[in-house]
Amino acid sequence: MRAEIVKDRVLVEKKAINEFYNNGYYGRPKSSGLELTLIEAVYLAFRGKIEVEHEGKVLEFSDLFKEASILQPSFELKYIVYKDLRERGFYVQPGVTDFRVYPRGSHPGKGAAKQFIYVRSERAPMPLRDLLRSLAAAENVRKQMVLAIVDEESDITFYDVKRPRLKGEMKEPLYPDINADATFLEDRVVVWDEEASKTLFENGFYGKPLDSQRLQLSLVESRYLLEKGVLNINNRQDESMDVDAFSKMASEIEPEFNLKSSVYTDLRDKGVVPKTGFKFGSHFRVYSQVESPTKIPHSEYLIHSIPMDHEFTLPVMSRAIRLANSVRKRMLYAILTDDGVDYIDIGRLKM
């Protein structure tokens with residue numbers, strides 16, 4: 001069946017509506033015939049269903065593919081994903097991201113699409129803002145957002161992107177009887193009082209004992225407890241530090257301190273227990289509840305804090321998610337926004 005390229009679409013005669021749309025849900029029926037996207041047209045040409053003309057000449061498949069690549073940015077990436085999904089038995093149509101995909105056993109006219117697919121190359125940085133825009137588009141119509149990353153060998157890895165419901169079971173005491181003294185040393189804080197050290201460690205899983213009487217705290221833990229009025233922190237010259245002075249000094253030691261501290265505070269306020277995730281290459285590992293330091297459960301999440309202008313390097317993101325999966329955790333990214341802290345959960349998905 002003959003078809004013709006018109007701008008960035010391919011038009012097929014009217015009889016194609018019954019053969020391709022009614023039976024395979026390709027394209028969009030128009031009064032003049034069936035309108036296909038370039039991706040749909042190339043796929044149907046690959047299957048030997050249509051021949052495509054351009055400027056009065058029937059194109060060989062290779063010429064059609066090259067022409068489509070000129071007309072549509074990232075054509076080959078999207079074609080690779082489209083072909084893969086079609087050959088898995090899914091019905092696929094253009095969407096507000098790249099594609100919308102119908103669940104197995106369903107199709108246009110029978111049910112709603114389930115997933116929005118967003119296609120990226122492993123080589124291209126992925127701006128966080130682009131990812132959030134695609135996620136919002138999917139959420140607005142209650143669809144699952146799927147990130148399809150095509151590597152240099154044209155293998156596809158699919159990721160589920162969603163907003164997690166982070167809610168812990170820690171009923172955080174405010175420690176009304178504690179107003180302990182602590183010292184900001186070179187890059188951490190030590191609580192000197194034995195009773196306060198014991199209470200903070202055993203009842204909130206803060207810090208790590210320096211010995212049987214004293215507790216050492218991370219910078220983000222220290223700022224949180226200082227802000228809550230639980231600690232009085234002095235520097236090594238025995239000068240009192242308020243939250244601003246502490247944060248300024250901590251930021252000189254750790255450039256990402258303010259970002260991490262905002263996320264730490266938000267996590268504690270959500271009733272979860274964040275601890276360092278250094279051994280996993282992330283900012284935090286997170287527990288829903290810790291009843292006692294002697295009975296530490298499995299942490300459920302790894303969380304890495306990122307600013308709104310962050311750009312994902314996809315091989316790095318893939319490595320982080322693979323590591324999280326290998327230790328039975330979910331990989332979350334914490335995003336500092338004007339309204340607080342937002343979270344996205346990115347995990348591998350089997351289609």
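Note that Cβ sites are derived from N, Cα and C of the backbone, with glycine treated the same way.
The annotation active site is assigned in Swiss-Prot to Tyr287, His298, Lys329 on the grounds of sequence analysis.
All features noted in Swiss-Prot, drawn onto the structure.
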{"residue": "Tyr287", "record": "active site", "CB count, 10 Å": "20"}
{"residue": "His298", "record": "active site", "CB count, 10 Å": "10"}
{"residue": "Lys329", "record": "active site", "CB count, 10 Å": "22"}
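Secondary structure from DSSP puts His298 (active site) in coil.
Counting only the Cα atoms, the space from His298 (active site) to Tyr287 (active site) is about 7 angstrom. Recorded residues Lys329 (active site) and Tyr287 (active site) have their alpha carbons 11 Å apart, per Cα-Cα distance.
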